[in-house]
Amino acid sequence: MIAEKTITWFAACSVTDVPANGGVCVKYNDTQIALFHFTRRDEWYATQNECPHRMQMALSRGMIGTQNDEPKVACPFHKKTFSLVTGECLSGDECAIKTYEVKVEEGIVYIGIED
Amino acid sequence: MKVVVIGNGMVGYKFCEKLVKKNTAGNISIVVFGEEVRPAYDRVHLSEYFAGKSADDLSLAPKEWYSENGIVLHLSDPVVSIDREAKTVFSHAGVTESYDYLVLATGSAAFVPPIPGVEKEGVFIYRTIEDLELMTDWAKKSKKGAVIGGGLLGLEAAKAMLDLGVTDTQVIEFAPRLMPRQIDDAGSRLLQSKLEDLGLTIHTSKNTTAINGNDAITSMSFSDDSSFDVDMLVISAGIKPRDELAKNAALEVGPRGGITVNDHLQTSDPFIFAIGECALHKGMIYGLVAPGYEMADVVVTKLTGGEKSFTGFDMSTKLKLIGVDVASFGDPFVSGDGIKSIVFDDSVKGVYKRINVSADGKELLGGILVGDAEQYNMLLQTCKNKVVLPPNTEDVILGARGGEGDGGAGVTSLPDDAVICSCEAVTKGDICGAVQMGYETVDGIKKCTKAGTGCGGCVPMVKDLMVHTMKAAGKVVRNVLCEHFDYSRQELFDLIKLNDLRTYDEVLTKLGKGDGCELCKPPVSSILASLWNEVILKKGNDTAQDSNDRFLANIQKGGTYSVVPRIPGGEITPEKLIVIGQVAKKYNLYTKITGGQRIDLFGAHLSDLPNIWEELIEAGFESGHAYGKSLRTVKSCVGSTWCRFGLHDSVSFAIKVEERYRGLRAPHKLKGGVSGCIRECAEAQSKDFGIIATEKGWNLYVCGNGGSKPQHALLLASDIDEETCLKYLDRFLMFYVKTADPLTRTATWLNKMEGGIDYLRSVVVHDALGMNAEWEAAMESHVNSYECEWKAAIETPELRKRFNHFVNAPEEKDPTVVFDPMREQKRAKEWK
């Protein structure tokens, strides 16, 4: 039997709500999701908002960038960096962060939640 | 489980300490027998007993420590026999104790050669505090001393004799040189001449045949038929392991003494361990304390269910013998096919260095340092880690020559054991070692050593160390911002100006590559702000700002922010104080006076920030830039308007200076101070710039800072008037803003500047670079275009909406923010 993952897409905000090359925090029920518009690369990413280093709800306020072409976000607290693609910690050995799929349709940004 | 320890010396004690720490389940009981009257003390520093230290100072732990940790301690009560069948020990005083495991830490005794007359009065051994007490009494009536033994312990004993006032002391060594196990002939010769300078007389290749005298010693005779008068003799000719108890219990011992142990330190009876100087491991007795501690750790690990073995120990040592550095590492004497030695022998300065290098010249095998052992740690690391040596191998002992001199106060002048990262306790040696092992990026060093992974404050220093270490190894280091820019900050500054670039994205596209990162965004944003004086959040530069700058506030534990309105010079009206109090009450903020004479309001939700600032600005406040790499405060004393000592009005001048430079973005934060007289109550000399009133005007000091590496500011100009002072400050600040590396305070900037303060003065006062007119104009433009960025933020809807926590629920605050009450206010909930 093949387990098929089902994704629920919810409308987070409009494209213009998100600053270029930066992030915002999206509320989904009791979950906080960091949503990033990497304008330079014309890419969208979403991850958990909590930085696993000190359990702070802050990643959406972090600077984004790349390391060897791998998109990443740096936590504002101690500049721990995490891959926006895999969620893996790129500095030190914090545990990886959760990532979400993102799609944009007609100016609305949707975040995919796996059931 | 019951563990009995025989011996309460340094290693026996360390064993107890480690076992107590690991006995978390609390199911191990410990009984200790010691033969001396005192609990374990620091034998290594025994000679300090003469330099004024008391027996208590030398003690490793007081008696109470043992009882507090449930250890039964029998002092002055040696164990006399072991019944291995019954697993029981019997003491001299009649105590019987059974054991599950027995640990022998019986140590060693002084080896006394069988010379006729050793039993005479005035002949001592040098081993215990009692020995020292006996020596102290005897030394009072002694004039001519002697020490048999020119090894490590013998020379320690000779130092003890000097400390006791027996200044005419002869050292007698049987071998042809001093410290024959550690250093070679040439090193030994140098050590000898240094010790002779201190008043000791040294004899090598001299064999004592008799100790003469009736009851007490009066002279010594030697195999070369010579003799001399001596009225006090210390024998320190080596050690012999205390293995008699083991021998009587029929445990295996070595032919020349020592209890035979395996890699787990088990004797021939698996329930009995031996550690420290009594243990014979692979034919070797370790007469140093560090391997003894390691042995203790191995046995403790084994007894608490872990797995660890003792595989020998590096005998590299560094010590200060009577004020002379002596060190040896790796194999100090190695010789063989193609092995080469590099020797530096400077008898003028009294320095001898030898390193042994493999035939291919790439590997450091060992070496000796006498007179100057500063490079010991670096060389030991190089040797241990098999770091490939540079082509000019001599540089590792001589230092790179022909290059620029050492600034003196930079990272190079720190000792290797200086802690650079205090969050993770990483030393300079650790960091340099990592670089030598091939970690040649800041990120790599962070991963390898964990340095800079806590608060991050040490990262610039880590980078300096990396650059310095790589340069020392002959590698070319380009001082670039990060992988996205092949330029230094200073180069970028000029290029951005030349190309008239106004946004981070333009700069990256025109001068860089890729998509930027958290390393290049803040410095580029800072350059843009310094150059064009535009509101930092506009033109899409907001997300290129460091996070605090992006939200114009300092993020604190829990994700709330702190608010610091500018209070120039620390002067504030009662009305404004009331407003601060009202705002703090309304938004439930914790209030605290800062070190810079301002008031910090903590615990503000992101979405409250614009409302808070709206009220503050309404009352006449403006941003204090506490979140920025920019001017913070200009602290002042009360000055001549009230103070009976004040020469000039320091408050008015401080306000003038603070308002002139407010909002100026710089490579790092900037602090100033103005004092109204020489009493210096504003502590201006600990600031990036400090102004102190004199009878004739003001003295201007620059490049000081407090913080992790405090440094006093240096005098740039004296007795100048206000106008000149501001002119010099304009130039100084612009010079700094233009040329310093990111996150470099003015003090560090000056430390790295060739020519130091004299050069800085030639530029700022005498216009050596011909830049002063340009810099003054740049500062004038800054002053004229300044606007409060918080005012701009609250008045611009597009900027203001960025201060919501949830993009899709702007009215809601972050529900995870929690406070705890504390002293009638609140604090951030402690993080994990």
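Cβ coordinates come from backbone N, Cα and C, glycine included.
Automatic prediction, not curation, is the source of TrEMBL annotations.
Annotated features in TrEMBL:
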type	residues	note
DOMAIN	B:1-282	domain 'FAD/NAD(P)-binding'
DOMAIN	B:316-386	domain 'NADH-rubredoxin oxidoreductase C-terminal'
DOMAIN	B:419-466	domain 'BFD-like [2Fe-2S]-binding'
DOMAIN	B:556-618	domain 'Nitrite/Sulfite reductase ferredoxin-like'
DOMAIN	B:628-764	domain 'Nitrite/sulphite reductase 4Fe-4S'
BINDING	B:Cys637, B:Cys643, B:Cys677, B:Cys681	[4Fe-4S] cluster binding site
BINDING	B:Cys681	siroheme binding site
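Features recorded in TrEMBL, as mapped to the structure shown.
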| residue | record | Cβ neighbours (10 Å) |
| --- | --- | --- |
| B:Cys637 | [4Fe-4S] cluster binding site | 27 |
| B:Cys643 | [4Fe-4S] cluster binding site | 16 |
| B:Cys677 | [4Fe-4S] cluster binding site | 19 |
| B:Cys681 | [4Fe-4S] cluster binding site | 18 |
The DSSP breakdown of the domain 'Nitrite/sulphite reductase 4Fe-4S' (B:628-764) into helix, strand and coil residues is 52 helix, 33 strand, 52 coil
So around the [4Fe-4S] cluster site, B:Cys637, B:Cys643, B:Cys677, B:Cys681 aside, which residues have their CB within 8 A of the centroid of those CB atoms? B:Val638, B:Gly639, B:Phe645, B:Gly646, B:Ser650, B:Ser675, B:Gly676, B:Arg679, B:Glu680, B:Ala682
